[in-house]
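Feature annotation from TrEMBL assigns transmembrane segment to A:27-46, A:52-70, A:102-123, A:130-153, A:178-199, A:229-254, A:266-291, A:298-317.
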Amino acid sequence: MTELEAGRAQALTPVRGGAALHRYRDVLIALIAFAVLASLPLFTGSKALLDFVIRCSAYGLFATSLNLLVGYTGLTSFGHGMFFGLGAYSFGLIMQKLGVPIPVAFVATLAITAMVAAIIGAICVRLKEIYFAFVTLAFQMLIHSTILSWASFTGGDQGLRGGIPRPAFLGIDLANHVHLYIASCALLILGLLAMRQIAQSPFGYTLRMIRDNAARASFLGIDVWRAKLTVFVLAALFASMGGMVMALFVSGAYPEFAYWTISGEGIFINMLGGVSTFLGPMVGTVLLLLLNDTVTRFTEYHGIVLGVVILFFALGLRKGLLDFVAEWFARRRDAGEGRHA
Amino acid sequence: MLEIRNLAKSFGGVKATNDVSLDFADGSLTAVIGPNGAGKSTFFNLITGALRPDSGQVLLDGVDLAGLSPPEIVRHGIGRAFQVASIFRSLTVQETMLAAVSADQRSSAVLHKRFPLAETRDRAEHVMELLGLAGKRNRIAATLSHGDQKLLDIALALVLEPKVLLLDEPTAGMGPEERWRMIDKVRELWETQKITVVFIEHDMDIVFKIAPEIVVLCYGRILATGTPDEIRNNSAVIDAYLGTEHAGAAA
């Protein structure tokens with residue numbers, strides 16, 4: 001065997017059949033994660049801990065979906081939070097006004113989100129970089145203002161009050177705290193698994209090509225605009241799912257869910273956790289919520305503390321936490337290989 | 001056959017491409033030369049759809065492609081590589097090739113399967129072997145040497161199995177030895193792949209040595225076309241471009 005052939009054989013084995021294997025590995029990890037999360041109520045009666053996981057589910061879905069845009073496609077949206085708010089409000093309103101079963105409201109909300117995202121996306125994804133960021137921000141403010149001013153429908157600045165009805169379905173009673181907890185975990189895991197599939201599909205690699213070099217991608221026959229619009233809508237769906245989990249959790253919807261600071265927190269989470277690994281935003285979510293919960297307990301100047309933390313990540317590490325860890329492992333592995341060679 | 005008919009493009013008052021008509025026979029190898037600002041890159045941009053022509057036709061096997069978008073033109077079979085290597089910096093060589101084949105097989109929007117698709121492997125493998133990139137398959141594109149990045153750029157165009165391959169200065173930014181290696185590669189590709197190749201080149205020694213056909217552009221117009229000998233002895237070319245030194249050297 002020549003050196004070239006040897007290199008080829010060694011490189012080919014992991015690739016062949018590897019794609020299917022990776023998929024099973026991801027499903028396995030998801031199942032284990034779900035089993036661990038779902039068994040948590042057996043070991044602890046702490047309502048605060050379960051609440052924390054539910055909030056992580058809502059924000060985690062939102063932040064990971066934002067990373068599909070920021071990290072994988074290079075579309076830095078400053079208005080992604082609008083779909084979080086849209087999900088919460090659509091779901092809450094459908095449940096309050098129509099009284100349909102929860103799964104129906106869930107699917108209807110996703111359909112509404114897809115439509116709205118397709119319209120807004122069609123306008124935004126033609127724009128480059130900072131213009132894209134600003135116009136998405138403008139749409140976010142538009143939706144927020146609409147919620148505030150259309151008080152007869154949305155409750156204005158009071159939000160959707162009076163609670164969201166949570167009728168039991170298929171033996172699942174989301175008014176029950178543990179049921180709600182399990183359902184949130186299930187949505188999180190399913191959502192992450194679906195987004196992981198998107199990221200590792202041929203479409204996911206199309207997104208990476210667009211991020212790296214959109215002009216070259218179009219010279220390979222890729223319709224860049226259509227791919228960007230598709231991922232914009234897909235990401236909106238998962239953000240909307242996050243919004244629904246939040247609405248179920250607080251049994252209501254508030255204008256803050258649609259305010260630009262939600263988008264800001266999404267970006268913040270991505271910077272904390274890192275955008276070059278799939279689970280970076282999930283790590284960021286846990287970090288941010290932990291920081292939020294602990295720091296607000298000790299000082300009213302929590303904004304300053306969070307600011308210092310983000311400066312540390314941006315200027316000190318120059319990347320998110322999981323990016324940093326991943327690179328450290330890669331360097332160690334390379335160094336190890338260098339020594340053996 | 002690629003036929004260019006009365007192609008024209010102006011920027012403001014400058015006629016970057018002025019009534020250019022050319023035929024490129026199937027399986028031909030043609031060099032496009034000309035002084036800086038002669039409109040060589042504009043000419044390529046018009047053919048590949050990066051720029052929209054003001055008027056004229058780009059006929060590939062009789063189908064007019066003028067005014068179509070780059071993805072459409074690529075799908076008709078005109079591939080290109082760029083003067084500055086245009087690659088996907090964060091992908092490995094192998095991923096780049098596999099993703100490009102995916103794009104060509106119209107599976108770049110597939111969501112429910114895992115990358116890479118089995119049917120993309122053979123073509124990706126073939127082109128990596130062809131360009132000598134197989135041994136560097138797991139390297140991230142950004143970490144490749146300048147020459148390998150140019151090869152990867154050409155591989156990207158080639159893996160789409162184009163009828164016509166346009167190479168914008170394949171030797172740009174290379175040292176003398178690397179230049180010859182690259183141009184030998186180009187010639188080898190042309191000979192083995194039986195495709196129409198058009199390339200832009202500044203180095204006259206290279207052009208006269210390897211190109212059977214030469215097109216000279218000057219101020220957006222065709223100054224001359226012909227074999228190396230015809231071009232070398234063409235008085236208009238000598239006046240405008242080559243200067244007397246080359247004419248003397250050829251004599």
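For all residues, glycine too, the Cβ spot is worked out from N, Cα and C.
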Next on the checklist: Under 8 Å between C-beta atoms and at least six residues away from its ends: which parts of the chain pack against the transmembrane segment (A:178-199)?
Outcome noted: 23, 26-27, 30, 33-34, 37-38, 40-41, 50, 53-54, 56-58, 60-61, 64-65, 68, 72, 166, 172, 207, 231, 234, 238, 241-242, 244-245, 248-249, 278, 282
Checklist entry - How about the transmembrane segment (A:229-254) and the transmembrane segment (A:52-70): at least 3 CB pairs under 8 Å, pairs 6 or more apart in sequence, or not? => result yes
Next on the checklist: Checking distant contacts: for the transmembrane segment (A:266-291), what same-chain residues at least six beyond its ends satisfy Cβ-Cβ under 8 A?
Outcome noted: 52, 55-56, 59-60, 62-64, 66-67, 70-71, 76, 78, 80-81, 192, 195-196, 199, 305-306, 309-310, 313-314, 319-324, 326
Next on the checklist: Should anything in the same chain at least six residues away from the transmembrane segment (A:298-317) have a Cβ under 8 Å from its Cβ atoms, list it; otherwise answer none.
Outcome noted: 268, 271-272, 288, 291-292, 323-324
